[in-house]
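Asks: Okay, handing you the structure first.
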Amino acid sequence: MNQSYSTADKQDTRQAQRFSSTSIAVLTIYSLVVLMIFGSRLVSPSLGGLSQLMTVLYLSSFLVICAFGQGLVIMVRGLDLSVASMITLGGVLSTTFMQGTNEGLYFIIPGILLISALVGGISGFGITRLSIPPFIMTMAMGLIVYSVCLGFTEGTPRGFPAPILNAFMQSKVFGVALPILLMLILIVIFTTLQSYSAFGRKLNAVGNNPDAANIAGITVKRMTISAYAISAACSALAGVLLAAYANGATLRMGDDYLLPSIAAVVVGGSSILGGRGNFLGTVGGALLLTTLSSMLSALGVGQGWKTVLEGVVILVALLMLREQVFASLQSMFKRSS
Amino acid sequence: MPERINITNLSKRYGATVALSGVDMGILPGEVHAILGENGAGKSTLVKILSGVVSSNAGTISLDEACIRPSSIIEARRCGIATAFQELSLIPNMTVAENILLPRASSGRFWPESKASIFERAREVLIEWEVNDISSQSIVADLTLAQRQRIELVRALSHARCLLILDEPTAALPDTSWLFRQIHHLTSRGVSVLYISHRLNEVREICQRATVLRNGASMGTVDLAGVDDEDIFTMMVGHGSSKKKRVSQESSTNGEVLLETYQLRSKMLKGINLQLHAGEILGVAGLEGQGQQELFRLFGGLHKPTSGEIRVGDKVTSLSSPRKALQVKPGIAFVPEERKTEGIFASLSAAANISIPHFAMTGWAKLVNGRIERHLAAEAADQVGLAPRYLGFEVGHLSGGNQQKVLLARALMTGAKILVLFDPTRGVDVGTKQSIYSMMRHFVDQGGAIIFYSSELSELVQLSSRCLVVYDGLITDDVAANEISEERLLASAHGPGNARKDSLQEAV
Amino acid sequence: MTIKRIADSGLMIMVIYILIFAMYGAVQPSALSAYSIQGLFNNSLPLMLAAAGATFVILQGGFDLSVAGTISLVNAIVAVLQFDGALGAIGMLAIALTVGILVGAINGFVVAYLKVQAIAATLATMIICQGVALLILRAPGGYVSDFMTYELTGSMSGIPVAIIIATLVALLWFVFRRTNAGRNLLAVGQDAKAAELSGINVARTQFFSFIWAGALYALAAYFLAALTSTGSPSAGEPFLLLTFAAVALGGTAFGGGRGSVTASLLGAATLVLMQKLLFSVGVSSFYTGMIQGMIMVLAVLFSGAVQFVVDRRNII
């Protein structure tokens, strides 16, 4: 069918944006990370090398994994405050079940992921079916899980991770640590899942406009629940890896990841109000935060200044990522292209 | 006579988008002046600038020969400019009194005023503007849409000392007599009124002159008495509008029944029996709030009936969710009236918006990217006349008309044979309307069936192959194609029996 | 409409509080002594004030994570400065409030005028405040004057100071809610767009909600220092989750527009009381978190159920 388009359309000579605001944000963040790593050589010659890059990648892999889940939850207009407790749960379960042997590893890890996904699913159920605000539901779930871990271990987690996991955390292939490779593989999978799969597209639609998604035939509640389940499983996986890295679990092992997981997502350019998210940006956010923190530690900066600077970086990133800034950047790109 | 308001070369850009590019116009004291133009012509931007919601990039506004540049609603009010907005601006869980008096509900700045005295002050305002059936103490959320619109209007009326701006003021009003009385009351005091409406006959009734906008620029000001509708359309779209011809359509009730209801009851519905045949466009007419909304949402799977049955393609089904409605053969696709809140995914591309049903029904692992989506969406987009280059745009950046095309294309994507459209052309421009009409005709020619509600009678007359009239939760009239006329529909819409004669006289 | 009134006012949470208090009294009769009650209120006051502050922001539809950082910061400042006596306590209060208001102003400016998402912006300011607190006070310790430690946790003519402060905040809210600023705050929370079109200065309303919040957080930190008679650079951390739990328990809607500061005060008091009750019935401290979490969810469900009944009534 051939139709004449209305006059308004003909007059409208706008072009679809070649650089979406998200891709600009992602680019900016990665350039910042690179600048920071190689720029730090100026400050101290021991920094800024490839080895520092490897350390940053290694350390950020835990954050990247839980930030993926957090990103999905934020995408569907939620917030997952149970990240810390789920990391602890993952760590405690893995050391308890493995007891320092490799036996049954093949069902223990999937089992842990399943249990935690179930716990996340319960949060999702409360949020979607009982309309409990996400903030409250995940906070309460975090409290409950933490308190179960505390009661179960009576305060001190025992046991050790499987030796093969310890070995995994320490091995290198062509000079690249295995966890880094694992992270890269996961990044590919997660990016595909979030940006190039029907699942991601549906989740995006739900976050954008739940009512419209419902009318379009998307199972809104099921999608939302799955976001929380995945988030919980991601955190538990990070917990398993952390326990293997530290050769044991502690009850507070997750505490350092809750707020950074949110920060990585928002610094990465996702809207905290949902419906707009990009995992590569989140990865950039996680790298940025980890780089900053490891750089400051290496320079011997005290905890106080370190914290202040971290906060300032988040704030500056937020200020730079506002829509108005994008608009001007976009017009700059347009003029130059 | 010196002009009350003079606007010269007013321009406004949003980023790269030009919303207004050189508007010149003048409004005389005591005049009712209309702004006419297609959607996207810049009417709402002009309203926003005059009422202080956004500020202009260039150009001047002078009020009584003094330059003004209101930067907030309050500042505009201080200049004597007040606006009744199209999207009602009332706070739902507050009383009528508080809403009328906001943002200064209590007279003291730091100290509260007693509730009784606030109610009393608001009551006086209501009485001044002849609103006697709404208590100043009632909660806005409990009012009907028409009542809320009147509160919105009263608030603007009470603040207008120099200029009153009315943006589609009659969208939810059952009749215009009350509003027009108040407008006369105001103009007799020398207050000017800027009147924006899609309804040309209303504009002719109340306005003296009109300024036509096209693509953000003013095309000139005309004396309404001296021009006919054709001239105005020409100014609005830049060429003569295609003569609205009644496309003769046979009542095609001989197609198979795709959708049937029997004694359907719910909160507002009191036993609806209807049949929808393949190949017909079934129109539904009715005044605001007669249950048509509930009926359509029922078909869309958003609402559950209390009793009665729905048969889709011969089988009794319960439409428990929109997903179910889409899945039950031959499929029902519902397009709601609220584009923004229930339709679009603002930050996804138009292509992604259109192709979403394809992914909604598949598993999670199916791969998707921009190119796949554009490919999937292209055909549906073509059927609704959406320019292909828009497919890559974020839908939030498109005009209302194009957003509506996207939604209709999405409905086509579902592959459903039954389209349920609630006021599909509300607030869209003339060009988009024509695209939507031809899409609808094409759809039923291919063996589909459409049931649609419209608030514009002329549209029902033009499109329906049969038209039902709902009144008070019942179908009161079933008009065959050759009998459909605006007068007949209007008469039935005002209720069966004697009411019919009166309104017929009123309508003629 | 009476049910709605009850749901909207703090009556519901008040009943819950009294019930729990009765239970507490039953299992531990010594808790009913004037001294114990005074202690209970002293323990509750910091969380009550923090929850009251957070409510101002939540009511306008915002979110404020900076509560933890602000409390840590002000607490550290109070512990570092050495002012003695009544006058010193007043001076300290002035400094505390100034700092709190300053943090609130930064939050408000970034959120309301620079249009940064509230959760993200206050996350950043929270981290910054925590850092500054560490710079001021490296480790827990510091000095809190005897006047603050004893007088502010004591009683005035038989009434515990904590109760007086809480009552003053409740009174403040009672008046504020009925002023234009208060009405506009609720209007913005219900529908910011409509509020803007009604002539309300939305940005200014949001800005001031953060100022109120900052001031009340500072007050919380000030009384926390008096209660613990020491300072800590991480004093605010436990408050982050508990504050929002208290607000939820008080029935204030996250998303804005519905709720009350008084209810949040009571919600916080209930939360603290619940801890005491659990402890006194001998629940292992390992599991208090579990019970708290469950009660939080139940409270929200209950308040939701009441709202549901109210809505049903409205329709019929």
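Glycine is treated like the rest: Cβ placed from N, Cα and C.
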Asks: Name the residue range among A:105-128, A:297-320 that TrEMBL annotates as transmembrane segment.
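Replies: Matching range for transmembrane segment: A:105-128.
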Asks: Which sequence-distant residues neighbour the transmembrane segment (A:55-74)? Criterion: at least 6 residues beyond either end, Cβ under 8 Å.
Replies: 37, 80, 83, 87, 134, 177, 179-180, 182-183, 186-187, 190, 194, 203, 227-228, 230-235, 237-238, 241-242, 245, 257, 260-262, 264-266, 268, 270-272, 274, 277, 279, 282-283, 285-287, 289-291, 294
Asks: May I ask which of the stretches A:105-128, A:225-245, A:257-274 has the most CB pairs under 8 A with the transmembrane segment (A:21-43)?
Replies: A:257-274
Asks: Cβ under 8 Å, sequence separation of at least 6 from the ends of the transmembrane segment (A:105-128): give me the contacting residues as numbers and ranges.
Replies: 78, 80, 82, 86, 89-90, 93-94, 97-98, 134, 137-138, 141, 145, 162, 164-165, 220-221, 224-233, 235-237, 240
